[in-house]
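Look at TrEMBL and you will find 1-24 tagged as signal peptide. Under the heading transmembrane segment, TrEMBL lists 227-250, 292-320, 326-350, 362-387, 393-415, 453-472, 484-505, 517-540, 555-582.
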Amino acid sequence: MDRIRAFLVAVAVVAICGVPQVRSTASDHRYKAGDEVPLYANKVGPYHNPSETYRYFDFPFCSSAPVKEKKEALGEVLNGDRLVSAPYKLEFLTEKEAEIACKRKLTKEEVVKFRKAVSKDYYFQMYYDDLPIWGFLGKVEKEGKTDPADYKYYLFKHLVFEIHHNKDRVIEITVRSDPNALVDLTEDVPVDVDFMYTVKWKETNTPFEKRMDKYSLSSSLPHHLEIHWFSIINSCVTVLLLTGFLATILMRVLKNDFIKYAHDEESADDQEESGWKYIHGDVFRYPKHKSLFAAALGSGTQLFTLTSFIFILALVGVFYPYNRGALFTALVVIYALTSGIAGYTAASFYCQLEGTNWVRNLLLTGSLFCGPLFVTFCFLNTVAIAYKATAALPFGTIVVIFLIWALVTSPLLVLGGIAGKNSKAEFQAPCRTTKYPREIPPLPWYRKTIPQMAMAGFLPFSAIYIELYYIFASVWGHRIYTIYSILFIVFIILLIVTAFITVALTYFQLAAEDHEWWWRSFLCGGSTGLFIYTYCLYYYNARSDMSGFMQTSFFFGYMACICYGFFLMLGAIGFRASLLFVRHIYRSIKCE
């Protein structure tokens with residue numbers, strides 16, 4: 001078992017470390033005139049529903065040769081890619097003019113299926129020498145017609161491929177449909193279709209190493225960059241304002257507090273205390289449900305580590321456009337390898353809080369994020385199976401993910417938990433905790449948990465909301481996002497604002513003599529995740545054209561998991577910042 005586990009870990013490391021090589025070697029093929037260059041048909045789906053895609057030959061296309069499936073990596077399968085050999089043969093430097101790929105007589109049912117696809121703007125995606133190409137299946141003629149019953153539906157039957165080469169290498173490919181070669185699908189009658197294609201070759205001076213650059217240019221256009229920089233400036237102003245607020249208001253108040261408490265100690269020892277010093281005997285009282293709290297802290301720390309590694313890979317150029325499945329592979333592998341961090345953090349902190357049932361704490365840590373994700377996946381995978389979509393994972397892929405979880409994630413979680421339990425770290429509390437807790441005075445409504453969460457989440461969300469649109473348009477649309485350096489800056493700003501606003505709210509909570517700050521700081525830090533999910537509702541209704549039960553369930557289901565992950569991660573950041581702050585202020589005064 002240890003050898004199998006070691007092998008899987010090695011494979012995981014290779015999967016990540018080997019990804020950057022894909023750009024230069026996976027498609028680094030040299031061809032001679034007449035050599036067959038692989039052309040794979042990937043998937044077909046409605047343009048506005050990116051999650052709802054189907055296999056190419058689920059539609060009544062034809063092929064003159066037996067269809068061969070391409071072996072795919074884990075990330076490609078998770079991405080919904082299902083590559084098969086296309087019906088078109090594009091040999092290197094071989095031009096063709098209106099050549100028939102295959103013929104097919106469409107039945108009435110097949111005509112109806114194509115017509116529905118054309119009415120929903122279905123597109124196809126192919127890969128030629130690992131270069132992506134797209135095209136629409138057909139068009140709807142609406143000119144001069146107001147009644148949908150009068151619309152004309154046409155299928156494109158002639159594709160024109162234009163391929164650019166630099167000596168013996170393929171550099172660029174585009175495909176367009178011949179507007180004069182149409183098949184009328186308006187009536188429910190059988191139709192004979194001759195699927196044809198034309199191939200044209202042109203020479204270019206673009207080097208092979210830069211052939212993917214054109215796919216990232218769209219996100220680097222000047223007007224897009226201006227918006228991105230405006231987003232960063234807006235976020236930086238938010239950070240400066242918040243930092244200034246803390247520096248001038250909070251630190252001045254703290255300084256006055258220190259002077260006041262020092263004067264009180266010198267002048268009158270029996271003088272009644274007030275403010276945050278008054279609760280020094282309760283502020284480090286362990287929170288309720290400390291096992292759940294430690295598990296949330298461990299899961300949030302793991303997700304923060306995962307996000308950091310993903311940014312590192314993005315900044316070194318791993319996730320270039322259409323590197324199929326690289327992001328999904330990285331997410332699965334890094335999450336598995338960082339589970340030890342969750343186990344160590346949760347068990348160590350749980351033992352610091354004088355918890356005894358560390359095994360139960362580890363089980364809770366392992367299931368706190370994976371549990372909801374697994375339930376969501378089961379539901380959405382069932383929906384995808386019912387739709388016969390490529391988003392439905394094959395049984396073999398599910399087995400592989402289960403093995404990664406059983407042989408890598410779980411053992412590392414346990415090992416991390418054992419290391420955390422045996423670390424014997426003590427909770428460093430500057431003040432002794434009294435035997436009985438003080439009663440919390442009545443608080444106004446705006447100092448309750450929900451209003452405080454709303455205030456805490458608004459500022460971090462306002463610092464990232466402009467960038468959110470581009471991320472959503474990339475993940476849930478067809479826009480390409482490659483400016484990872486700007487995204488990384490926005491992420492750093494998000495962390496800083498979250499930490500600052502949580503510390504500020506924690507101080508005001510303690511000043512109001514409310515000593516139950518542990519869970520409050522975590523909830524306030526993570527509340528940005530709730531704002532992001534609220535933005536999902538706005539994006540779905542106002543900024544996208546997604547529709548249908550499958551796409552809707554996929555969007556809100558997986559975004560719920562992502563926002564929950566943000567909640568845990570930012571909650572851990574907020575609590576850690578508040579803990580440092582609380583320790584600092586109580587270490588600065590004399591606590592009896």
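Placement of Cβ uses the backbone N, Cα and C atoms for every residue, glycine included.
Note: TrEMBL annotation is automatic and uncurated.
Here the transmembrane segment (517-540) sits against the transmembrane segment (292-320); at least 3 CB pairs are under 8 Å, leaving out pairs fewer than 6 apart in sequence. Long-range contacts of the transmembrane segment (292-320) within the same chain: residues 16, 19-20, 23, 212, 215-216, 326-327, 330-331, 334-335, 338-339, 341-347, 349-350, 353, 355, 361, 364-365, 368-369, 482, 484-485, 487-488, 491, 518-519, 522, 526, 565, 568-573, 575, each at least 6 residues beyond the stretch ends and with a Cβ under 8 Å from a Cβ of the stretch. Contacts between the transmembrane segment (393-415) and the transmembrane segment (326-350): present, as 3 or more C-beta pairs lie under 8 angstroms, all at sequence separation of six or more. Nonlocal intrachain contacts for the transmembrane segment (453-472), taken as residues 6+ away from its ends with a CB within less than 8 angstroms of a stretch CB, comprise 219, 224, 227-228, 230-231, 234-235, 238-239, 242, 479, 481, 486-487, 490, 493-494, 497-498, 501-502, 505, 523-525, 527-532, 535-536, 539, 543-544, 570, 574.
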